[in-house]
Amino acid sequence: MQASGDSTKAVENSTQHTSEVGEKRVRKAQMRPRPRMVWRFHVLPMLAALLALVGIAIASYPPMAQWFSQYKQSKVVNSYSTAVATGLDPSSEEQFTEAREYNEALSVGALLEANANVPRGVGNEDQGGFDYDSLLNVGDTGLMGRIKIPAINADLPIYHGTSDETLLKGIGHLKGTSLPVGGIGTRAVLTGHRGLADAELFTKLNKVVVGDEITLEILDQALSYRVTEIKVVEPEDTEELQAVPGRDLVTLVTCTPLGINTQRILVTGERVLPTPPETIEDLGAQAKNPGFPWWAIIQAAGFLLAAAYIWRSGRQPEEGPPAA
């Protein structure tokens, strides 16, 4: 019994001694001054962060560019509607009369120029001495009107002609085809790019189906069309752009397949008369903004994460070895 008691006491003494030693070490460690942390520049973390930021920038560029493009287009169409509402000189009636006279003077429809990215007018354009660029030109801006396609949430400005500069801003009217003022025996042709990284334009035109509505707002009038036909044609197939006696048509044209552009999508609508009341009520309504720019949140988060990574990678004790 005596030996057992001595053994227990020895264990307790040993445990107490170990505890005291541990406490001394802890107190000593706590009393030891912490090394001062400093930040040093290191190439590898910086390169990794820069590469990550470049990747984020590349990935977010298309939605960012399209957002700004839609924002700018909404401002353009709103300015157009405001200018029309504040009064026109010459009057809307006079301009429509001149546009209809122009349409009567057209000798042939426009052609689709082969191997071009967009349809362009070529061939005979005898327009009876009219100045094409001055017709339906509000405030000398080159703006002819506004096109709405609810099925694909499109609300875009229409400009004169199909130059490269024009088609980067909006939709172009194909010179040599009827001006978009309606009328039996007319076919207005409107063209737009598809698949641009920085603008949506007619990118979703292939999603339009027969029965969808197309609205043209020209000056102070709204023209309603219903899609009746969708075709994919070769660039040299020009028959589909000719006016049809007894019909009031508009044809929207863009390229396909996306990114290859060897063929054309033709979306044709026929005039709806009388114009639906809701179309008239919506005439001149303000275009919707493109919505919240979520891409900005992604860019900001990426920048903050990259900055935090660079900062943490560069921190080290003042006397410590350089970071890898």
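A Cβ is built for glycine as well, from the same backbone N, Cα and C atoms used for every other residue.
What TrEMBL says about this protein:
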- 1-29: region 'Disordered' (REGION)
- 1-19: compositional bias 'Polar residues' (COMPBIAS)
- His193: active site, proton donor/acceptor (ACT_SITE)
- Cys255: active site, acyl-thioester intermediate (ACT_SITE)
Quick one: Cα separation, the residue listed as 'active site, acyl-thioester intermediate' versus His193 (active site, proton donor/acceptor), in Å?
7
Which one of these active-site residues has the most other Cβ atoms within 10 Å of its own Cβ: His193, Cys255?
Cys255
Which state, by DSSP, holds Cys255 (active site, acyl-thioester intermediate): helix, strand or coil?
strand
Per DSSP, to which secondary structure element type does the residue listed as 'active site, proton donor/acceptor' belong, with helix, strand and coil as the options?
coil
